[in-house]
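Copied over from TrEMBL, here are the features:
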BINDING   18, 19, 20, 21, 22, 23, 24, 25  ATP binding site
Ligand SMILES: Nc1ncnc2c1ncn2[C@@H]1O[C@H](COP(=O)(O)OP(=O)(O)OP(=O)(O)O)[C@@H](O)[C@H]1O
Ligand SMILES: CC(=O)N[C@H]1[C@@H]2OC[C@@H](O2)[C@@H](O)[C@@H]1O[C@H](C)C(=O)O
C-alpha cells in the first residue's frame, strides 16, 4: 500500500449498462466516496442489433445464459480498455429482472471475472443487499445526486430526473450534509421513460428510438390513453417505489390502433405525465429540475415535461454535468462508498428500513 490515507480521493471507473439496452457507458470519477473531486474521460461501447436481441430474449430471467454473461463481461472490458489511470471499478451489470416485492433483483455479469480480466478490484452486485433487507434495490443514483447537488453549489432543494428506459426522480436538499439523513433525499422511479417508445419504433419502423422526438412531434397524443395509463396501481403507491423495464409494456397494446406518429406522441405524453405525477411527491418545490439520461435529447419529451411541472427544466449540462455519463459516474461514486463501509441507500431512497451499504468486492488474484 502507498502512504495515502484511506480517505484520500481516488480515480474510479464506473460502468452502467442500462435498461435501454443500447450499450455500456464507462466514466472516470475522482472521489473519496463523500465529495466529487473531479471528472475524467468516458467511453461508450454500443451493443450491436444482434447483441441487443440477445438481451431482449433474456429480459425477465433470473440466470443469464453463458453467452450473454460473456458478452456483458467482454463489452465492459472493451469499454474500460479506453480508459487509463483508475484503481477501482464500480460495475453495475445488466438488470435482467427486478422484483423487490419478492426480495430479489438480478444484475447479470460477474464482477470477479471482470476483476481478473482488468487486474483491478471491482465493486459489484450493488442492489441485492438492499432488496434482501426489504428495500426496493433502486434507484441507487440518489446518493450521488446528493454529492452532485453539493458539488454544483445548489443553495436549496433541486431535483434530478434520469430519463433512461425507466425514469427516476431524486429530490435533494444539499443543505443537509449526510445523504443518509431522513430529510436529505427523496427518490423513486417515476414510470416508463424511453422504453415503450423504443419498443414501438423498433416494432413498427425498425428504428431503435424516436430520434429527437421527431415522430412524436408529428402526432397528436391520445389523452384518454394517457389518463387510463395513469390509473395503473404504480401511480397510487407512495414512494419509495421502483420498476422493472417491462412493467408498462402493456401500454403498447393501448396504442395499437393509432398511427405511428400518434402512438409515439401518446407514449411520450404518458412518460411526461408520469414525471408530472412524480413531482407532486417532492417535499418542497425544487428550484430546478435537472434532466440526465438519453431522454433529455428527445425535444418533444422535454417540452411535454416542461409544460407539466412548475419549476424550470433543463438538461444537467446547464450546471456543467455530463448527462450521458452521470449514471456510470454514480456507480464509480458508490463503489468507493462500498469500499469505505458507507451507506449507499436509505429509507428515503429505496425504502430499506435503515441506511445500508450493499455491494460485493472482488479483487484480482495477486
Ligand atoms: N437524440 C435522441 N433523441 C431521442 N431519444 C434519444 C436520443 N438519444 C438517446 N435517446 C433515448 O435515450 C435512450 C438511452 O438512454 P440512457 O443511455 O440514459 O438509458 P439507460 O442508461 O440504458 O437506461 P436506465 O437509466 O433506465 O438504466 C435511447 O434508447 C433513446 O430512447
Ligand atoms: C433495477 C434497475 O436496474 N433499475 C434502474 C432502471 O433504470 C432507471 C431506473 O430503472 C432506476 O431504478 C435504476 O437505475 C438507476 C441508474 C439507479 O439505480 O439510480
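Glycine residues also receive a Cβ, built from the backbone N, Cα and C atoms like all the rest.
All annotation found in TrEMBL is predicted automatically rather than curated by experts.
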*Three-state secondary structure, residue 20 (ATP binding site) (per DSSP)*: coil
*binding-site residues listed as 22, 25, least Cβ neighbours within 10 Å*: 22
_Quick check: which same-chain residues outside 18, 19, 20, 21, 22, 23, 24, 25 lie with their CB within 8 A of the centre of the ATP site CB atoms?_
16, 17, 47, 164, 165
*binding-site residues close to ligand 2 - of 19, 23, 25, only those whose C-beta is under 6 Å away*: 19
*Can you tell me the three-state DSSP label for residue 25 (ATP binding site)?*
strand
*Enumerate same-chain residues with a sequence separation of six or more from residue 19 (ATP binding site) and a Cβ-Cβ distance below 8 A; give 'none' if the list is empty.*
95, 164, 165, 166, 195, 245
*Cβ packing number for residue 21 (ATP binding site), 10 Å threshold*: 20
